Amino acid sequence: MEAVAVAGGGAGLTRWQAAALSAVTGWVWAASSFDLTRRSRALVQPWVTRRVLAETPSIVRFQKVHHKLLDSFFSVLSCVVSVPFYTGFLPLLFWSGHSKLARQMTLLMAFCDYLGNSVKDAVSAPRPSSPPVRRVTATEDEKENAMEYGLPSSHALNTVCLMGYLLHYVLTYGSHDNVMVVTGLSLAFLLVMLVGIGRIYLGMHSLIDVIAGICFGVVILAFWLAVHNHVDAFVVSGQNVTTFWASLSLLLCFAYPKPEFPTPSFEYHTAFNGVAFGIVYGIQQTYFHFHNPDVPLIFSPQLPLIVFVGRVLVGIPTILVVKFCSKALSKWLLPVMCNTLGIPIVSTCYVPALKASEKCKVKSDAKQGGYLQKVFSLFPQKAYDVDTGIRFVQYASLAWSVVDLVPAIFTHLSL
């Protein structure tokens, strides 16, 4: 344990960490200098748009067979495999003792969300037009999803990755036979197919979007299965974990491609970028206390169901309070810090006094006399949306509370 603690407290970045951060920084510079997003979009977007338009009559014919029960079934299925559902489910995994599975699924979800939304906004391909396509948006989450671009289908991509990893985890760490393997593969395949059909039935995606989502999901899952043990070892016992992850999180915000028109995709990425950082930071601090392999699992004598229910009743309100307080604090603190350091900022929704306008932009540009001006001038924006930082902080705080603050409360209350 002492060796691990020493390793985790190294003074400087290792060579591979410096190389990784340098590579991302180089990509940000190259993408901005050579306008790579626009160039790649000019190559891919017209082809995808033609495919979506060509598939529209087929979608309309497919939707002629519809019923309220089918609407409800596919809407519920979309909610069950959506990012908000997994977000709510993951704290329960942490508190039930399945910390390794929970942290791996969290990081995989953040990885999928970043890559999937990056491709969406880089390509900026439309969803099927409604009308003539009948679009069913039963929840606010689906209404926000409809505001994003189409290719690839995030639901299909996430379902492939998360169901695939869950199946891999169960078969790796649990007892199984050939019947269980075949059953698990069949259920995963069935769920992916139903999700894909549902996205078309609900009018949210065309066939090319779903196929692209499944293909991206298979590639990402294969990559994750090759590296997940290395990632987990780094998170729980690596060198300079917090410093590296914080730097990477910042760079990924700049590396994200600019869409043709604004969408909610970047907001989702920022939220999960914050969640990933909060989980990594919290695990780094409390692994041996709350998240090591010896912690009791749910339904064991040390963690009966009634105790787990108590954890949920205490934990959920706690993390919501932390999210609220961190948002309020960051809305006040981040603008003050940025102004002090001379970082030009605007706000799209969180800070009314900084709402983006021509007046604000002029005012922000005039504030670029701080000593960080030269650093930030390397990146593409002139003024930075402080809402990104606020969103990152509140979700990072929420995630940290899930793996650090709340387990400490459980220990104090003997839950």
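Each residue, glycine too, has its Cβ placed from N, Cα and C.
Remember, it's a predicted structure, so these values are computed and weren't measured experimentally.
Checking the ranges 13-34, 233-254 against TrEMBL, the transmembrane segment annotation falls on 233-254.
Range with TrEMBL annotation transmembrane segment, chosen from 266-283, 392-409, is 266-283. Listed as Cβ neighbours of the transmembrane segment (156-173) (distance under 8 Å, sequence separation of 6 or more from its ends, same chain) are residues 81, 83, 86, 101, 104-105, 108-109, 112-113, 116, 180-181, 184-185, 188, 191-192, 195-196, 199, 205, 209-210, 213-214, 216-218, 220-221, 224-225, 228.
The DSSP breakdown of the domain 'Phosphatidic acid phosphatase type 2/haloperoxidase' (102-225), given as helix, strand and coil counts, is 91 helix, 0 strand, 33 coil.
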